[in-house]
Protein chains: 2
Amino acid sequence: MERLDMKVITNRDEAEVQAAPVPMITSPRGFTAAGLHAGIKRKRKDLGLLWCQVPAAAAAVYTTNAFQAPPLGVTREGLAASQGRMQALLVNSGNANACTGEQGWLDAREMRRVCAVELGISESLVGVASTGVIGERLPIGRIVGSLPRLTASLTQEGDQDFGAALLTTDTFPKTAEVRLTVSGREVRIAGAAKGSGMIHPNMATMLAFLTTDAVIEPPVLQRLLKEVTDESFNMITVDGDSSTNDMVSVMASGLAAHPTLDETHPDWERFRAAFAEVCRRLAQMIARDGEGATKLVEVTVRGAETLEGARQAAKTVVGSSLVKTAVFGADPNWGRLLCALGYCGTQVNPDLVDLWVGDHLLVHRGLAVPGAEEAAKETFLGDKVPFVLDLHQGTAAATAWGCDLTYDYVRINASYRT
Amino acid sequence: MERLDMKVITNRDEAEVQAAPVPMITSPRGFTAAGLHAGIKRKRKDLGLLWCQVPAAAAAVYTTNAFQAPPLGVTREGLAASQGRMQALLVNSGNANACTGEQGWLDAREMRRVCAVELGISESLVGVASTGVIGERLPIGRIVGSLPRLTASLTQEGDQDFGAALLTTDTFPKTAEVRLTVSGREVRIAGAAKGSGMIHPNMATMLAFLTTDAVIEPPVLQRLLKEVTDESFNMITVDGDSSTNDMVSVMASGLAAHPTLDETHPDWERFRAAFAEVCRRLAQMIARDGEGATKLVEVTVRGAETLEGARQAAKTVVGSSLVKTAVFGADPNWGRLLCALGYCGTQVNPDLVDLWVGDHLLVHRGLAVPGAEEAAKETFLGDKVPFVLDLHQGTAAATAWGCDLTYDYVRINASYRT
């Protein structure tokens, strides 16, 4: 299947697809949100609610981890029962409700049930998600006890509290929004995400919730979400660990009131590009906020024989511990990038490979460019380190994002629960 | 193909297969060694030579990295030309002679040629290996200039200098030796290895050189080496990076003078077990000496449906950054082991999984055992942390070895070249 180039926002498009000045997940028509401290975490907000005034067309993708957490299964059941509609999304942080057995399912269903009662809607219209420590029972009493206060506090400005309630080891909230016109009507697409550790491409590998007021049917939305996830959220890695809990969902209120979008709509490609832009921005924010990270690392592989090969190569290189530590140490140790490329499983001819970092060609046709390392040093000192590997074997390209591996990654994860 | 259980040295065998009190790679009949400082590294020994008084039956396995370094190709050519014979092995540390293009091939061939001249043997009987920084030209003049002194200093006691010349970021030399009887004759099997970073199972993933005085033909030796590598060196991981340079070789002098060993010999299984024991010991030493490591981590997966699945699961869990940091922090965070098991790609039923650490059952049928974490804490404080995951889905089992992920791993790799 042919995919769009990663840089879908061209100069021409930029005139029409605009990034919102202050991104808000509640910016698309119909959405409000809330967040509060329910007592799952010690102090910080840990329970969030996203609400749509109408039952939204919805879609979701889930982690492929065999130990998929109960809330994901409950959300999947709900979307099936409602035929792709969702009106509310309840998410807690501080406890993943994973590896909790049958009790975990009961707890996930209970948080959904009470939320639906408070909101006066069908249970199948409520999605649930959890993130945090694995293997401990969800403090369901605290969640249920906080729901009246949470549902009563839904506002458009609640987006900040909602975003805060998602976070675990994140150091900043992650929100993105773009606006475009579809059939002459303004359409907004927004998203909020969390994710800092246990991040690795395999499916939806963290929590991200997208909203839009576009008019679109659930099956089209599901196809779009799956495709775009593969080129955004599935292209980031922090530590190679694919979580039990991660999920990306999207709710489309339809309140922009334009003719229904699908692949045949004249504005489809622009809508797809805008949707992908929101997902890529969130994905990059997650990579940049990788546990302990000081830099965003971007690896583009081009000239690959296949898209799958390009993706595999980009993800492998950006995920290499030795590449990550070299970036942390601002060491233009290009041999580590070539080494990672060499074991990624993608067809590579060593004698053809070019490697760029920023504007500096470090490796030409597999050999070091004399003097280039010294010149490239400054690029390694920036807060974003962009690599391009050209395999010169075909026309496929892909980009993956990650971060450096630092003392703080070790500190955070050696003492996560203590 | 059915494999032996990993714990091949049973009580009965132990009476016959003895670990040598002071392991020496020159202990098998016919071998001498030497090592010196040629000036590739600043101060430490960086050039080693292993010599057999007769052309030994030989075998080798090589990294699968696409950027396989020239010395591996040169060694492979030599073994092919000599029909599986090797009499000398020349190895340098400090420079990997990888990603060096055509010049790298010329340099590898030149170090082999001059070594053969000094020793007065055919070039095809000399193996070469290199380890160290990638992408810089080998200082071939220093190597060639040191060869007369190196070849003149071969002794049985030279094993220590040889072992020292292999090391890069290793903190200790790695040697193992066992002795057994074959057809009533004492046979010795020994090995020396190096490896600390850029260690990941994919083929031979570091340097290890084995010697024996057993009588065995090259094709049989090659089959044995390949099989045993898959259950020893290919089951360790330090950082998930498979190097460009790694190789395992074995030389069999035949000087034990017993009837030739092959799979039909009555002592074959004991010989195979002894050979595997040497490889496992070296592999574990490499894992324990992983860059920055403070603990050896051992993960056994049993009850898997297939051997391949058991190996994949064990390697994935032992390689998880979150498992490694939890071990470093002595945090019995079993959820991370289950999470890693969940994304390893092996068929897993979460409701059947048991997890042991040492003698403590942490997880029974997918659920936490109350109070077990506290009791298990002490096991996490030891210098070896052994996990057993029982999938209860079949009869296959495998063990993988790794180490914890520490501040020092980051320090070592953020500043490797500076």
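Note that the numbers count up from 1, one per residue, in the order the chain is shown.
Even glycines carry a Cβ here, placed using N, Cα and C.
For B:K194 (substrate binding site), the Cβ neighbour count at a 10 Å cut-off comes to 28, with all displayed protein chains included. For the recorded site, B:K194 (substrate binding site), the DSSP three-state label reads strand. Annotated substrate binding site per TrEMBL: B:T168, B:K194, B:T205, B:E291, B:N413, B:T418, in sequence order.
As annotated by TrEMBL, active site, nucleophile applies to B:T205.
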With a CB cutoff of 8 A to chain A, go through the binding-site residues B:T168, B:K194, B:E291 and name the hits, or write none.
none
Out of B:T168, B:N413, which has the highest number of nearby Cβ atoms, where nearby means within 10 Å of its Cβ, if these are the binding-site residues?
B:N413
